[in-house]
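Copied straight from TrEMBL:
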TRANSMEM  A:12-29  transmembrane segment
DOMAIN    A:97-320  domain 'ABC transmembrane type-1'
TRANSMEM  A:103-123  transmembrane segment
TRANSMEM  A:135-153  transmembrane segment
TRANSMEM  A:201-219  transmembrane segment
TRANSMEM  A:256-276  transmembrane segment
TRANSMEM  A:301-327  transmembrane segment
Amino acid sequence: MLRYTIRRLIQLVGVVLVLSLLLFAWMRLLPGGPVSALLGERATPESREALTKQLGLDQPIIVQYFKFLGRAASGDFGVSTGVQPGDSALDIFVQRFPATIELSFFAIVIAILVGVPLGYLAAKRRGGLFDNLSVVGSLIGVAVPVFFLAYVLKDAASAALGLPSFGRQGDINATRVTGFFTLDGIITGEFDATLDALKHLILPAIALATIPFAVIFRITRAAVLDVLDEDFVRTAESKGLTASVIRRRHVLRNSMLPVVTTIGLQTGALLSGAVLTEKVFVIPGVGQALAIGFERRDYPVLLLLIIMATIVYVVVNLLVDLSYALIDPRIRTR
Amino acid sequence: MALLEVRDLTVVFQRRGEEPFRAVDGVSFDVEPGQTVGLVGESGCGKSVTSLAIMGLLPKRGATVTGTVTYDGTDLLKLSDKQMRDKRGSELGMVFQDPLSSLNPVIPIGLQVTEVLERHRGLARKEAMIEAKNLLDKVGIPDPNRRLKEYPHQLSGGMRQRALIAIALACRPKLLIADEPTTALDVTIQAQILAVMKELVQDLGTALVMITHDLGVVAGLCDEVNVLYGGKVVEKADRHPLFAEPRHPYTHGLLASIPRLDAAPGEKLTPIRGSVADNIPWAQGCAFAPRCPNALDVCVQVTPAEEDQLGRLLRCHNPVVPGTPAAEEVPV
């Protein structure tokens, strides 16, 4: 198990290296560039050339790449040219990453807490009204674009429920420890701040949760349907066990492999959905920075943020793979 | 009074847009305390559905169960879901056909034994573990302490079936239903499993309903045998008379299709021709008539009633006369 984990982590290093090289090359193939973005279309050729040289963009890509790697090894990921010009890319990452992780975390928690029980119930009542309604509901969940739902929640639901119509704000008078607003309040004992952060978080998290919810719901339903037909569930029934023990110990436990896999894959969808959600709810997170970064060709910030997002994705899926062994002993002994 | 009285048990499966299917059609039999009763027949004759109906394990939707199943004075079919859960596992035990798929693959054997002890005998986990160890020991699983911690895939087929028997007998049920418990096992293991079951039901005084297509199992275990065809009992007799003088052409055919070691060289096997139809019509005539060597004109016109004739219950217009060889020899 330990060896497997280490091997996977070494693979992660390889993934990051290859990805960073590809990103490095791809971004430079895009038309425009930081120079046009910074100076505008009407800049003189002399000033363009000077800035190009200053940013080191006149050198071959491979040279630029290795210089980048060398600086990155000492924690220098370059200076932002577009998102927050002049700030270091690392600072921007540290400021913005917690907001996105917090948003994505709550979104996936909502998706799991709603999707898994509903999926179980729908399977248990296969073909019934509840099943049909929730299957249709989940289709709508997948089909409705995130940004549309986000606007509906922002403009309509927030007024109706008395919740703030924008996401996290940096000016809450709370002590900052980790940058995770909900966590900070609990650590420092400022529970008001946590509650306030949650209020700001709930609508964007719901908007972001819809697609993962719909996918988790459908996978759970299908997995539970398979397991309900298994002989060992009939054995459990023949023992006269209570419905709740059968559900937890025999049905859900055996349905979890595909569900956990899906949760891992959905983290990718969450990170891309966060771009739209953060835009609508004005959340100063990674998604917003990526959107601005692409407009203004902010290479250092884009590179760092995308690589970090990749690392999160790979680590989450590593955790998923490791959890297989916890769920299914047949994988453990293999 | 009998421990279990099954009267007119009928199970109809109805799927939307399809004809209703009578899987079990008016089956009646008794089981006395400590007695072993066999339900015998080919696949699709309704024997497994009968057992599931008695245990209350048929799906609630799509299956209609009528008749009465009186166990110890109460009609099991009238009990609520909760009352039935209290009976299952404690007073009614069941052993299934395929021991691998019948055990939960992701939890250890120990928990699968202790959960039934915790549920019905109110034991704490620790006490239940000690009891589970004794149970595994009793069904002949070597090194039970180690096996308790293992998962089903780490056990052999025979050991898995022993574990299932331990689970079914954990709360000393008064009635055990075994649905083809040896079908998925090697012949040598089959004999061991049957020996263990026989010993345990005798020790505990448990009544046993043995469901099988294997007449060898019947010969070794059962006091009384019900032969089922198309969801109906066609012949009901004690073991010895049934084997010595099968009266129903179907029973006769079943026995004649077993290869015998003492057969003369060159002697041919006598299989029953044809196979079980998907939906067997008892509405007009005998369902076995199309396959029956003794069939008369009356057999395809009038449904035979269950009658007490020739010292046993028989559903046949033209029973086999003792001493006749099989009517027709089919080259195999």
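Counting starts with 1 at the first residue shown.
Backbone N, Cα and C define each Cβ position, glycine as well.
From a predicted model like this one, the values you see are computed outputs, not experimental measurements.
On this model, are these features tucked inside or out on the surface, and what's nearby?
Sequence-distant contacts of the transmembrane segment (A:135-153), counting only residues of its own chain at least 6 positions beyond either end whose CB sits under 8 Å from a CB of the stretch, comprise 122, 203-204, 206-208, 210-211, 213-215, 217-218, 221, 273, 276-277, 279-281.
Same-chain residues lying 6 or more positions outside the transmembrane segment (A:301-327) and placing a CB less than 8 Å from one of its CB atoms are 1, 4-5, 8-9, 12, 15-16, 19-20, 23-24, 27, 68, 77-78, 80-83, 89-90, 92-93, 96-97, 101, 253, 256-257, 260-261, 263-265, 267-268, 271, 286, 289-290, 293-294.
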Can you see whether the transmembrane segment (A:256-276) and the transmembrane segment (A:12-29) are touching - at least 3 CB pairs under 8 angstroms, only pairs 6 or more apart in sequence?
no
With pairs closer than 6 in sequence left out, are the transmembrane segment (A:12-29) and the transmembrane segment (A:103-123) joined by 3 or more CB pairs under 8 Å?
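These two stretches do not touch.
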